[in-house]
Amino acid sequence: MGKLDVIQAKGTERLKRGFAKMVKGGVIMDVTNAEQARIAEEAGAVSVMALHRVPADIRKAGGVARMAPIEKIQEIMDAVTIPVMAKVRIGHVAEAKILEALGVDMIDESEVLTPSDPFFHIDKREFTVPFVCGARNLGEAVRRIWEGAAMIRTKGEAGTGNIVEAVRHVRLVAEGIRQIQAMTDDQVYAVAEKFAEPYLRLSLNVKEIAGLPQRVLDNEPIYGHYTYREIVDGLYKILLEIKKLGRLPVVNFAAGGVATPADAALMMQMGMDGVFVGSGIFKSSNPPKMAKAIVEAVNHWDEPDVLVEISKEIGEPMRGQDIEELEVRLEERGV
């Protein structure tokens, strides 16, 4: 491939998904400074996520959680040789443009930060940098993929050290895929129509305020320049690909609540392509040992005897939270 071809290929769906595949089978760790980034790299992380605070501290601090300071992200980028990701608020196109210009390797449009748009996620096809997005179920995953996400992750419930919501989301997506595979193409199209409904909310809201009929025409733009029927057809195409593959067509990581090597191994046993670890590393009593143990657990997830040794002398994991006691459920953000 010549230089011109490389330039023309930049930002294509194939290139974006190719980057995501490079981190497949690995661990991506949240870090808040250069020292933590170096600990993650030395432990074997395939990438780091640059944040101002880890999710547990974001949850504790309250208020509005935004993109990390540029100086902080740059400090982390300068400290390591592995890819650096950073988070933006759901729907915040300007934050994403800034991170793209800064040169991060991937952007996470994340429910961990305070959403900026109550109606839509970013149209990720408008960017050259690849995106990862969270999903609780097949509908959310397919919508994010149609919008251009190169990687999907479970939302879980970030900052809790509780794996239960990540398990829930893995099972919901897997069962959705199983049911799609049993459907006729006409039934799959009906599912695509159902999955497209969240894009109608803004248009229907405005019509309701104006006293107009609660109806959207097939040729009426409802998400950027995309019409309802174009969105349905796009979702249908992705669902047919899922039906054929028996899995999502992009890399699918676990995230939200991973706090121990056993949690990481469980996610891999459930069919995940890799693991994000947020608060679980640097809220543990021995971050370097916990980081290395979680990386090794992902590498040896199907070897119980090895997992026994990995789980020894790693210190105390982060203190977990009961999901039912939470005042704010981050996983419910987004559509």
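Just so it is clear, glycine is given a Cβ too, placed from its N, Cα and C backbone atoms.
Cβ neighbours within 10 Å of GLY159 (D-ribose 5-phosphate binding site), excluding its own Cβ and spanning all shown chains: 27. The feature D-ribose 5-phosphate binding site is assigned by Swiss-Prot to ASP30, GLY159, GLY257, GLY278, SER279, with sequence analysis given as support.
Around the Cβ of LYS87 (active site, schiff-base intermediate with D-ribose 5-phosphate), 29 further Cβ atoms fall within 10 Å across all displayed protein chains. Taken from Swiss-Prot, the feature active site, schiff-base intermediate with D-ribose 5-phosphate applies to LYS87.
DSSP classifies ARG171 (D-glyceraldehyde 3-phosphate binding site) as helix under the three-state reduction. The D-glyceraldehyde 3-phosphate binding site annotation in Swiss-Prot covers ARG171 and is backed by sequence analysis.
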What is the number of other Cβ atoms found within 10 Å of the Cβ of ASP30 (D-ribose 5-phosphate binding site)?
28
Collapsed DSSP category at LYS87 (active site, schiff-base intermediate with D-ribose 5-phosphate):
strand
I'd like to confirm something. Which of the binding-site residues, GLY159, ARG171, GLY257, has a Cα closest to the Cα of LYS87 (active site, schiff-base intermediate with D-ribose 5-phosphate)?
GLY159
What count of other C-beta atoms do you get within 10 angstroms of the C-beta of ARG171 (D-glyceraldehyde 3-phosphate binding site), across all chains shown?
13
